[in-house]
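J.: Sharing a structure below in structure tokens format, with a few things to ask.
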Amino acid sequence: MQVLRTPESRFAGLADWPFAPHYAEITDAGGARLRLHYVDEGPRDGAPVLLMHGEPSWAYLYRKIIPALAARGHRVIAPDLIGFGRSDKPAARGDYTYERHVAWMSAWLEGLDLRGLTLFCQDWGGLIGLRLVAAFPERFAGLVIANTGLPTGAGMTDGFKAWLDFSQNVPEMPIGLIVNMGTGRDLTPAEIAAYDAPFPDETYKEGARQFPMLVPVTPEHASVAENLAAWKVLEHFPGPVVTAFSDGDPVTRGGEAIFQSRMPGALGQPHRTLRGGHFLQEDCPDDIVDIVDAVARPESQS
């Protein structure tokens, strides 16, 4: 496996990004060693919060949420998925599969050995993060689920069809502009540049190119069986489950219903519909902080 590593200089002086990098080395099933980056802020003994990003962003998406949750006493951990952010980037599209992403993040999570986690997940952060919950339910105390899903081959929305077509056919993938198109507010040039920073050129974007192809939208997809098995675990997850989908996301709009109906911890919870686009972390970070804080406070889990 050929692995690319974005030069550290690409991350110097990013707007609103004061966080020290942390790195963990994981070993792929094929023997390749991969360096995974994560942010780890707040008190070590704070109630831990795991923030998981998706396509095609990185932990920068949580830059306004991380310090606010840390200020409320939480230990806040935000990893970059392999292929994104400061994490290593396999150079071949064929190196990226759904199951490999789950395995990579599982190895990282086991290495940290955290328990009592509250997960906030959006986009592929949910497709992978919810698989982590199913694999390690004993490590998670509560979930906040936003603009994501755990599909099992039942088709796709028109919004996802449009995104799939765009992602596979655009000659050069404009990462920062893609994020900007998925927000309710206009990002600044400096913010757009920060989303572009992990990708010096197109060779670094194979993970971003491949992600849309990995969503299990057809019954024959290789990961349908694994997601069905994950749902069987999630349907018995005992902790609180709060949905926080946005009203302006054509890809996942309405997706909260399946979580509210199938997960017992969602019953009677203060679910929210937030005003924002697909990347609602950019549009309503304060709301997200309040929601996550309410779920993650130890007294709310007693």
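Glycine too: its Cβ is placed from the backbone N, Cα and C atoms.
Annotations for this protein, taken from Swiss-Prot, read as follows:
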ACT_SITE  ASP123  active site, nucleophile
ACT_SITE  ASP249  active site, proton donor
ACT_SITE  HIS278  active site, proton acceptor
DOMAIN    48-150  domain 'AB hydrolase-1'
J.: How many Å lie between the Cα of the residue listed as 'active site, proton acceptor' and the Cα of the residue listed as 'active site, proton donor'?
T.: 5
J.: By DSSP, what is the split of the domain 'AB hydrolase-1' (48-150) into helix, strand and coil residues?
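T.: With helix first, then strand, then coil, the domain 'AB hydrolase-1' (48-150) has 44 helix, 25 strand, 34 coil.
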J.: Please work out the mean pLDDT for the residues of the domain 'AB hydrolase-1' (48-150).
T.: 98
